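Visitor: Sharing a structure below in structure tokens format, with a few things to ask.
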Amino acid sequence: MNIRQSGKYYEYKTLEILEKNGFKALRIPVSGTGKQALPDLIATKNNTIYPIEVKSTSKDVVTVRNFQIEKLFKFCEIFNFCECHPLVTVYYKKYKIVIVYELSQDVRTKEKIKFKYGINS
């Protein structure tokens, strides 16, 4: 498998972008396994924690399942003593653009969420 085809590549690209923008960030290499509420990445800036799910697509849309969204909110519940904002970053490969979506509580009730280029952005 080509490294650009793997999620790991886009996780590292997101880390680079975050660090260039003054965030402290790290990758959680076991995020997709087990039942723990671990995001792909954790970033901090200005006393706020950002659990991040990283996605990439060669299409105009990407679907994120509820359990992936829910783990971001559960992570925030662990850190309820500070600001915590769950994010999803989507790499739209054909447009060569990254869009960051901040999640609101109402998405927790949905079975899956579709992020569509040009609609949610």
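Just so you know, glycine gets a Cβ as well, placed from its N, Cα and C.
The Mg(2+) 2 binding site feature in Swiss-Prot is assigned to Glu11, Asp40. Per Swiss-Prot, the feature active site maps to Ser31; the stated evidence is sequence analysis. Look at Swiss-Prot and you will find Asp40, Glu53 tagged as Mg(2+) 1 binding site. Taken from Swiss-Prot, the feature site 'Transition state stabilizer' applies to Lys55.
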Visitor: Which ones in the same chain are close to Glu53 (Mg(2+) 1 binding site), with CB under 8 Å and 6+ residues apart in sequence?
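Guide: Listed in sequence order: Pro39, Asp40, Val64, Gln68, Ile69, Lys71, Leu72, Pro86, Leu87, Val88, Thr89.
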Visitor: Return the residues near Lys55 (site 'Transition state stabilizer'), defined as same-chain residues 6+ apart in sequence whose C-beta is under 8 angstroms from its C-beta, sorted by sequence, else 'none'.
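Guide: Expected: Gly7, Tyr10, Val62, Val64, Val88, Thr89, Val90, Tyr91, Phe115.
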Visitor: Please name the residue among the binding-site residues Glu11, Asp40 whose C-beta has the most neighbouring C-beta atoms within 10 angstroms.
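Guide: Comparing the binding-site residues Glu11, Asp40, the most crowded Cβ belongs to Asp40.
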Visitor: Does DSSP give Asp40 (Mg(2+) 2 binding site) helix, strand or coil?
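Guide: Going by the DSSP assignment, Asp40 (Mg(2+) 2 binding site) belongs to neither helix nor strand, so it counts as coil.
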